[in-house]
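Swiss-Prot annotations:
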| type | residues | note |
| --- | --- | --- |
| BINDING | N33, V35, G60, E81, D111, N130 | S-adenosyl-L-methionine binding site |
Amino acid sequence: MEEPSGAQLLGPVEIRALAEKLDVTPTKKLGQNFVHDPNTVRRIVAAAELTPDDHVVEVGPGLGSLTLALVESAASVTAVEIDPRLAAELPETFQWRAPALAHKLSIVLKDALKVQQSDMAVQPTALVANLPYNVSVPVLLHMMEEFPTINKVLVMVQAEVADRLAADPGSKIYGVPSVKASFYGPVTRAGSIGKNVFWPAPKIESGLVKIVREDTAWKQDDETRKKVWPIIDAAFLQRRKTLRAALSGHYGSGQAAEEALRAADIDPTLRGEKLDVTDYVRLAGVLQQKDEK
């Protein structure tokens, strides 16, 4: 039966049939778990809050479960797929399940960590994806870095990764991913996804993470990241250490680290987990001012 909006979403029977046709066995190496529940797919698209003007990039479309639903809500969808078999089959699936919407689909056959602006016919305004679990955080951060046009994100990741990304300063699970993701705007949990909507069913549950890119007091460019990222990395490398000790290598000595921290109005005896992204950006700014003198 055709979906009211013009696409027939994939259920368990269609997913298994496609996998058998392509001789595809989901692999841990590529972090593959295929969603076979249409209601879950609809829920993800609804949580993304897309508009008809949005150009979506989807990383790891797999057999096309989410892709079919995305084209209904957006102006276009660019699917980034590393597996040649899956990439080649996706247009066929659209001719079968959503022929009237096939013109909205573009495919980039590439590792998502190597995708560049030049790969895209249209620069994306939204990232919506069931991210490959083994590289979810690096892919998320790369896409935010490479495509400043992305202003909204809704991704599905492992539940514990979702918790880390959305963690607040001071939390035991607050860390490098939390700070770097919040560099672009507020990061929130947008729901949980059970194991049984996937094939094969993973051992752990999944979570939805939402990011809304905001205009920040700092530039979200490579130059700023190159100053801020190393400080974040150093602060959490030995998270039990005080910032004075943790950043001594970065600044050349404990004394230099303490001076920079005090100049940024940060207590040197605090640990890295107590600072938010604004603190880290401010600290990087102190170093920049020092370099400019």
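Keep in mind that glycine also has a Cβ here, set from the backbone N, Cα and C atoms.
Feature annotations (Swiss-Prot) mapped to structure.
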| residue | record | DSSP (3 states) |
| --- | --- | --- |
| N33 | S-adenosyl-L-methionine binding site | coil |
| G60 | S-adenosyl-L-methionine binding site | coil |
| E81 | S-adenosyl-L-methionine binding site | strand |
| D111 | S-adenosyl-L-methionine binding site | coil |
| N130 | S-adenosyl-L-methionine binding site | strand |
Measure from the Cβ of N33 (S-adenosyl-L-methionine binding site) and count the other Cβ atoms within 10 Å, all protein chains considered.
22
Which Cβ among the binding-site residues (V35, G60, E81, D111, N130) has the fewest C-beta neighbours inside 10 Å?
D111
